[in-house]
Amino acid sequence: MRLIPLKAAAQVGKWAAAHIVKRINEFQPTAERPFVLGLPTGGTPLATYKALIEMHKAGEVSFKHVVTFNMDEYVGLAADHPESYRSFMYNNFFNHIDIQEENINLLNGNTDDHEAECKRYEDKIKSYGKINLFMGGVGNDGHIAFNEPASSLSSRTRIKTLTEDTRIANSRFFDGDINQVPKYALTIGVGTLLDAQEIMILVTGHNKALALQAAVEGSVNHLWTVSALQLHPKAVIVCDEPSTQELKVKTVKYFTELEAKNIVGF
């Protein structure tokens, strides 16, 4: 596992965007051989999406031959609701780049058959072989996507009940009213995520410090689903200084020295 310790959240966004652009351009995607990118929502990746849009407008990257799969979607929230993850992705990213509509893959939280929808999503991912790079965030309790504590580390895309802590955290997007936050969501599984060729997780803020400690220094534990990254051969965590406050000083020092040449300029 790689850990990229940076000073501020803005640097995390820029580093992550530069890493994605590097991977896409190295891959040299075509219509017949697209680059497959997994994407999250939430506050943490906003800086990355902003930087990617700027790099696209500067001619540094094209998303014409990039296929995307999002991590999750609320159940029962209208697709055009301002807080649906579909709306989030179009407003904050898709509407500002040259991605082709048919290459955008999102879970449908309004289907009558959640099981069939989840199977369709898994099958669609498999039709591309695998996801080349999956970017994600992490919750205060260490959850990835909506794989709440005690989720199976071999889980696949499915419907999940959201914990009260998650709904309280997400209520900031619903005028602070937890009653407006859906109780269920469709989400990729931990196993789905681990199938990706590369995983990049963004961690910012002191409230994520315990989750980062669990991911880097803890044991693999289904109560901290982010710890499953330790099982992946090509995982990278990009973090800011506040999120490292629970890590041992020698851990931060080790990775700072190890990644020194990759941090210069950020």
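Quick reminder: no glycine exception, Cβ is built from N, Cα and C everywhere.
For the recorded site, Asp72 (active site, proton acceptor), the DSSP three-state label reads strand. For Asp72 (among others), the entry in Swiss-Prot reads active site, proton acceptor.
If you look up Swiss-Prot, you'll see Asp141 (among others) marked as active site, for ring-opening step, on the strength of sequence analysis. Annotation for Asp141 (active site, for ring-opening step): same-chain Cβ neighbours under 8 Å, separated by at least 6 residues, are Glu148, Pro149, Thr163, Asp165, Thr166, Ala211, Trp224.
According to DSSP, His143 (active site, proton acceptor) is assigned to coil rather than to any helix or strand. Shown in sequence order, Pro149, Ser151, Thr166, Thr225, Val226 are the residues of the chain, 6+ apart in sequence, with a C-beta less than 8 angstroms from the C-beta of His143 (active site, proton acceptor). Annotation comment: Swiss-Prot describes His143 (among others) as active site, proton acceptor, evidence class sequence analysis.
Cβ neighbour count for Glu148 (active site, for ring-opening step) (all protein chains, 10 Å cutoff from its Cβ): 21. Under the three-state DSSP scheme, Glu148 (active site, for ring-opening step) falls in the coil class. Look at Swiss-Prot and you will find Glu148 (among others) tagged as active site, for ring-opening step, backed by sequence analysis.
The site 'Part of the allosteric site' feature in Swiss-Prot is assigned to Ser151 (among others). Packing around Ser151 (site 'Part of the allosteric site') is summarised by its Cβ count: 22 other Cβ atoms lie within 10 angstroms of its Cβ, all protein chains included.
Arg158 (site 'Part of the allosteric site') falls within a strand when secondary structure is assigned with DSSP. All protein chains included, Arg158 (site 'Part of the allosteric site') registers 22 other Cβ atoms within 10 Å of its own Cβ. What Swiss-Prot lists as site 'Part of the allosteric site' is Arg158 (among others).
Residues or ranges marked as site 'Part of the allosteric site' in Swiss-Prot: Lys160 (among others). If you take the C-beta of Lys160 (site 'Part of the allosteric site') and look for same-chain residues 6 or more apart in sequence within under 8 angstroms, you find Phe146, Asn147, Glu148, Ser151, Tyr184, Ala185, Leu186, Thr187.
Neighbour density for Thr161 (site 'Part of the allosteric site'): within 10 A of its CB lie 12 other CB atoms from the protein chains shown. Taken from Swiss-Prot, the feature site 'Part of the allosteric site' covers Thr161 (among others), and the record attributes it to sequence analysis.
Residues annotated as site 'Part of the allosteric site' in Swiss-Prot, with sequence analysis given as evidence: Tyr254 (among others). In this structure, Tyr254 (site 'Part of the allosteric site') is part of a helix by DSSP.
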Rounded to the nearest Å - Cα separation of Thr161 (site 'Part of the allosteric site') and Asp72 (active site, proton acceptor): 13
Residues near Asp72 (active site, proton acceptor) in space but at least six apart in sequence (CB under 8 A): Thr41, Tyr85, Leu107, Ala145, Phe146, Ala185, Leu186, Thr187, Ile188
Alpha-carbon distance [Arg158 (site 'Part of the allosteric site'); Tyr254 (site 'Part of the allosteric site')] in Å: 38
Cβ neighbours of Tyr254 (site 'Part of the allosteric site') where a neighbour is any other Cβ within 10 Å: 14
